[in-house]
Amino acid sequence: MAGQSRKWMILVATIWIQAFTGTNFDFSAYSSDYKSVLGISQVQLNYLAVASDLGKAVGWSSGLALMYLPLWLVLFLSAFMGFFGYGLQWLVITNVISLPYFAVFMLCLLAGCSICWFNTVCFVLCIKNFPTNRPLAISLTVSFNGVSAALYNLAAKAFNSSSNDLYLLLNAFIPLITSIAALIPILRQPPLDPLPTDAVKRDQLIFLLLNFLAVTTGLYLLVLPARDPSSARLLFCGAIILLILPLAMPGVVYARDWFHRTIYSSIRVDGSSFILIDHDDLELHKELISQENSPVLNGVSCAGSNDAPSNCIIEKVTKSSEGCCEAIIQRDRLVMLGEEHKANMLIRRLDFWLYYFAYFYGGTIGLVYSNNLGQISQSLGLSSRTSTLITLYSAFSFFGRLLSAAPDIVRTKIYFARTGWLALALLPTPVAFFLLATTGSEMALHVGTALIGLSSGFIFAAAVSITSELFGPNSVGVNHNILITNIPIGSLLYGLLSALVYDANASASIQMLPSSLVCMGRKCYFLTFVWWGCVSVLGLASSALLFVRTRTVYDGFEKNRRS
């Protein structure tokens, strides 16, 4: 029982780490000041934002470090990378020291790498301590990463609402303090025995309670505004209390028998798993497919033998009247969920590239939008509203991440393939960009920011589960790192596009430094919003085609699971 109690303390520690290490989301809060101090163009400023995202391209280094170093040491290495990366940037922006542009670029890269290392530590903790409910644990903790900007915004206002460079100082110290606070639970990780079925279901009830508390935290940060430093300090203390409150979960574990007798027994959970692809369901699905005697399964032709379903692909039945669209839909389709794909096999799959471009044209473009919020609000004469926009994006990104678990919760009532949910989640992004291009009003800016945050948050959180389902749970670590290579690429391309449009419209008569022009008016981002809207439509089309191609295997898996 003590081991069960300690695993929930580890989950809470992981929530703390995620909540305070999404430091790249507050870049737009101090980007305008950075541009002024360094005397750089919008294109050069974009490269600094890209540097932070490039940390994801070297995320494999954290896995390598975990092979030779204890987890707690990797945690503190992550904290110290952020401490030096953001700390030295703070010294630069406050004019305490002077560094060349390339050195600042490398500091941004170091800080971005620390975020990736923190994420790896959290994933390892969830996988090790929650092997049965791993997707629930990862989804919950990753959701709190989306609320980081709102928390930092409150903290900055609580200390000094007029100094934007304070964000960098907070980015340096708060993750280090959080790592110290999380150290004791991490050092006391218990050896956990496999849980019986009833214990797994009771753990799922606890996850429901934690998700309810997470929604409460998000609403608290979104609805209650900080009007002055005193109210900001009060609200920040309240947010800390909400993050500490999940520590009551060990008490829930000890009282779970009482929950089972009085509450849990009244909730219908039979046949309603929260996890679409768990180990037992996956093995059953593979067994049912392998037992089929016919080489043709509902129009599916297997290239290999019946005992090797991983070699099976859906082949188009030759018809003279079949068009190009039908050929694309039928070509090399997946025959089952959970089939393991090595890297060389992955990159030959059409479904992977549809998935890659759906993420590239959808979620990544939302992240680039958040990096440009500072300049967008400044160009519209709303510089004083930048912190509000950051909080809005952060809160709705948080809700989007939480909503990514909805397909599993409602699946007994409304079943829909997860790739279909992905397509629906991408729909708000083009709507938001075309709305922003149509009007430059403050209301449109708020609505567009909320829609983009909601959409991108859902995509970021759902991506791990989709990668696992389509291309195998055992290969998800490598495959997901291949998928997110689109983040630094998109950050560079989309950011460069917006920077070129911005600098082309910047007026030489309005400037902070000779080499740092400021663009004012809707023209600064009008063409950018139009281009971003068109690109996000391509992402929506890619996700829709992915859904059409994978719907059959999702439906077949659900049919086998229920039978």
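Please read every residue number as a count from 1 along the shown chain.
Glycine too: its Cβ is placed from the backbone N, Cα and C atoms.
A TrEMBL annotation is a machine prediction, not a hand-curated record.
What TrEMBL says about this one:
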DOMAIN    7-250  domain 'Nodulin-like'
DOMAIN    339-554  domain 'NFD4 C-terminal'
TRANSMEM  71-93  transmembrane segment
TRANSMEM  99-124  transmembrane segment
TRANSMEM  136-154  transmembrane segment
TRANSMEM  166-184  transmembrane segment
TRANSMEM  205-226  transmembrane segment
TRANSMEM  232-255  transmembrane segment
TRANSMEM  352-370  transmembrane segment
TRANSMEM  382-403  transmembrane segment
TRANSMEM  415-437  transmembrane segment
TRANSMEM  443-471  transmembrane segment
TRANSMEM  483-505  transmembrane segment
TRANSMEM  525-548  transmembrane segment
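Across 166-184, 352-370, 443-471, 525-548, the stretch most heavily in contact with the transmembrane segment (136-154), judged by Cβ pairs under 8 Å, is 443-471.
Residues 276, 355, 358, 362, 365-366, 400, 403-404, 406-407, 444-445, 447-449, 451-452, 454-456, 458-459, 462, 465-466, 469-470, 525-526, 529-530, 532-534, 536-537, 539-540, 543-544, 546-547, 550-551, 554-555, 558 of the same chain, all 6+ positions outside the transmembrane segment (415-437), place their C-beta atoms under 8 angstroms from a C-beta of that stretch. Same-chain neighbours of the transmembrane segment (525-548): 328-329, 351, 354-355, 357-362, 365, 369, 372, 375-376, 379, 417, 419-420, 422-423, 426-427, 429-430, 433-434, 436-437, 494, 497-498, 501-502, counting only residues six or more beyond its ends whose CB sits under 8 Å from a CB of the stretch.
Outside the transmembrane segment (382-403) by six or more residues, the chain places 25-26, 28-29, 32, 139, 142-150, 153, 156-157, 211, 214-215, 218, 221-222, 225, 370, 373-374, 425, 442, 445-446, 449-461 with a CB less than 8 A from a CB of the stretch.
Between the transmembrane segment (483-505) and the stretches 71-93, 166-184, 205-226, 352-370, 443-471, Cβ pairs under 8 Å are most numerous for 352-370. Sequence-distant neighbours of the transmembrane segment (443-471) (same chain, 6+ residues past either end, Cβ-Cβ under 8 Å): 135, 138-139, 142-143, 146, 276-277, 334, 337-341, 346, 349, 351-352, 355, 359, 362-363, 365-367, 369-370, 373, 376-377, 380, 382, 385, 388-389, 392-405, 418-419, 421-422, 425-429, 431-433, 435-436, 479-480, 483-484, 550. The list of residues near the transmembrane segment (71-93) in space but at least 6 beyond its ends in sequence, with Cβ under 8 angstroms from a Cβ of it, reads 17, 21, 23, 30, 33-34, 37-38, 62, 65, 99, 104, 107-115, 117-118, 120-121, 124-125, 165, 168-169, 171-173, 175-176, 178-179, 182-183, 186-187.
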